[in-house]
Amino acid sequence: NLFQFGEMIFEKTGKEAVHSYAIYGCYCGWGGQGRAMDATDRCCFVHDCCYGRVNGCNPKMATYSTSFQNGDIVCGDNDLCLRAVCECDRAAAICLGQNVNTYNKNYEHYSISHCMEESEQC
């Protein structure tokens, strides 16, 4: 769920998810359109695509089993749907962590009205 995803983001970036990523670029946060603004925003685009491939559950609300071990995020569900959601969140958190050095404060609270280019396909 979004709370667990936020914990993963904090674990990998040291940033508080809601403040730093809830309205970042064209894809971080609810929905998305246009072209990703940078590598961080691209992580969110890929995450949106991943959620789009998860069928049969509500990825934003699904509560899954996860733990943090030696700096890694471990998804522990046997339920295929919950595990898929966890893996989407895990991959995005890792991606955000790998791109934290290029995080651009100019894209915080970015207006979706600036995201008018044709959207990429997943």
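Glycine is treated like the rest: Cβ placed from N, Cα and C.
If you draw a 10 Å sphere around the CB of His47 (active site), it holds 22 other CB atoms from the protein chains shown. The feature active site is assigned by Swiss-Prot to His47 (among others).
Among the features that Swiss-Prot reports, active site is placed at Asp89 (among others), with the record citing similarity to another entry. Under DSSP, Asp89 (active site) is assigned to a helix (H, G or I) in the three-state scheme. Sequence-distant contacts of Asp89 (active site), defined by Cβ-Cβ distance under 8 angstroms and a gap of at least six in the same chain, are Gln4, Phe5, Met8, His47.
If you look up Swiss-Prot, you'll see Tyr27, Gly29, Gly31, Asp48 marked as Ca(2+) binding site. The Cβ of Tyr27 (Ca(2+) binding site) lies under 8 Å from the Cβ of Ala36, Asp41, Arg42, Cys44, Phe45, His47, Asp48, each of these being in the same chain and 6 or more residues away along the sequence. Secondary structure from DSSP puts Tyr27 (Ca(2+) binding site) in coil.
Residues or ranges marked as disulfide bond by Swiss-Prot on the basis of similarity to another entry: Cys26-Cys115 (among others). Using a 10 Å radius centred on the Cβ of Cys115 (disulfide bond) and all shown protein chains, the other Cβ atoms total 19.
Per Swiss-Prot, disulfide bond is recorded for Cys28-Cys44 (among others). DSSP assigns Cys44 (disulfide bond) to a helix.
The disulfide bond feature in Swiss-Prot is assigned to Cys43-Cys95 (among others); the stated evidence is similarity to another entry. Spatially close to Cys95 (disulfide bond) yet at least six residues away along the chain are Arg42, Cys43, Val46, His47, judged by Cβ distances under 8 angstroms.
All protein chains shown were included, and the count of other CB atoms within 10 Å of the CB of Cys122 (disulfide bond) stands at 11. If you look up Swiss-Prot, you'll see Cys49-Cys122 (among others) marked as disulfide bond.
Sequence annotations record features per position, and here Swiss-Prot assigns disulfide bond to Cys50-Cys88 (among others).
When Cβ atoms from all protein chains are considered, those within 10 Å of Cys57 (disulfide bond) total 15, not counting its own. According to Swiss-Prot, the feature disulfide bond maps to Cys57-Cys81 (among others).
Contacts of Cys75 (disulfide bond) defined by a Cβ separation under 8 A and a same-chain sequence distance of 6+ are given as Tyr64, Ser65, Thr66, Arg83, Cys86, Glu87, Arg90, in order along the sequence. According to DSSP, Cys75 (disulfide bond) sits within a strand segment. The disulfide bond annotation in Swiss-Prot covers Cys75-Cys86 (among others) and rests on similarity to another entry.
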Ca(2+) site, defined by Tyr27, Gly29, Gly31, Asp48: further same-chain residues with Cβ within 8 Å of the Cβ centre: Cys26, Cys28, Trp30, Gly32, Gln33, Cys44, Phe45
Nearest-integer angstrom distance between the alpha carbons (Cα) of Cys50 (disulfide bond) and Cys81 (disulfide bond): 12
